[in-house]
Amino acid sequence: MILHIPEVLSKEQLTECRNLLNKANWIDGKITAGNQAINAKNNFQLAESDPLTNYLRDIIKTALNSNPLFISAALPKHIISPFFNKYENGGNYGNHVDNSILFDMNEKKAFRTDISCSLFFTDPEEYEGGEMVIEDTFGTHEVKLPAGDLILYPSTSLHRVEPVTKGVRMVSFMWIQSMIRSAWKRSILFELDNTIQSLRVNYGEIEETLNLSIHYHKLIQEWSEL
């Protein structure tokens, strides 16, 4: 499932993040690339040791944990500490697949990567090129979202970032270990939750809505890994 989640950051949060990122000290992004991806990666990144990194991470984690659509789609067990990168002057990231296991330096623990996310800090009209291209069983998807919006997709997806030929593209990228390991099970639960919420809006807490909700929570109980 590939999902666009709009307005993850408020206007105030977005403005603060952009102002800080515009003054940040950027380093070579190859530092965090895995063996498979290191030759494909051509961008800049905030160092994990930079105090700004943890400050921005707190803003993003707070925003994600208070976003109902994100919670419904990801069913997160753990949000691996976000990273931040910048593309300019032809910067790009060739085809790659994210590592299946990542170590979170803040938590001092390894986590499974079920879901990958990119949160945009720059609007599409601020740069040329820089499309994120995600390939899955349904085809190829080009992604270039408004600032403050997020794209969510399975970490097993082949993806790339096209060269930025003009302007600057800044994003945060992160991974989620979900309570639900299987992508198709997460998709089933997401669609079921959407149906329940829609029924509640249109008809209130009727018997059918309650019954569906019971089945939803039974599936969560059956499929979740805690």
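Using N, Cα and C of the backbone, Cβ positions are placed for all residues, glycine too.
What Swiss-Prot says about this protein:
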type	residues	note
BINDING	HIS96, ASP98, HIS159	Fe cation binding site
BINDING	ARG169	2-oxoglutarate binding site
DOMAIN	78-178	domain 'Fe2OG dioxygenase'
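Here the features listed in Swiss-Prot are painted onto the structure.
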residue : record                      : DSSP class
HIS96   : Fe cation binding site      : strand
HIS159  : Fe cation binding site      : strand
ARG169  : 2-oxoglutarate binding site : strand
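A gap of 17 Å separates the Cα atoms of ARG169 (2-oxoglutarate binding site) and HIS159 (Fe cation binding site).
Just so you know, of the binding-site residues HIS96, HIS159, the Cβ with the fewest other Cβ atoms around it within 10 Å is the one at HIS96. In the structure as shown, the Cβ atom of ASP98 (Fe cation binding site) sits within 10 Å of 20 other Cβ atoms.
Counting residue by residue with DSSP, the domain 'Fe2OG dioxygenase' (78-178) contains 3 helix, 64 strand, 34 coil. For ARG169 (2-oxoglutarate binding site), the Cβ neighbour count at a 10 Å cut-off comes to 27, with all displayed protein chains included.
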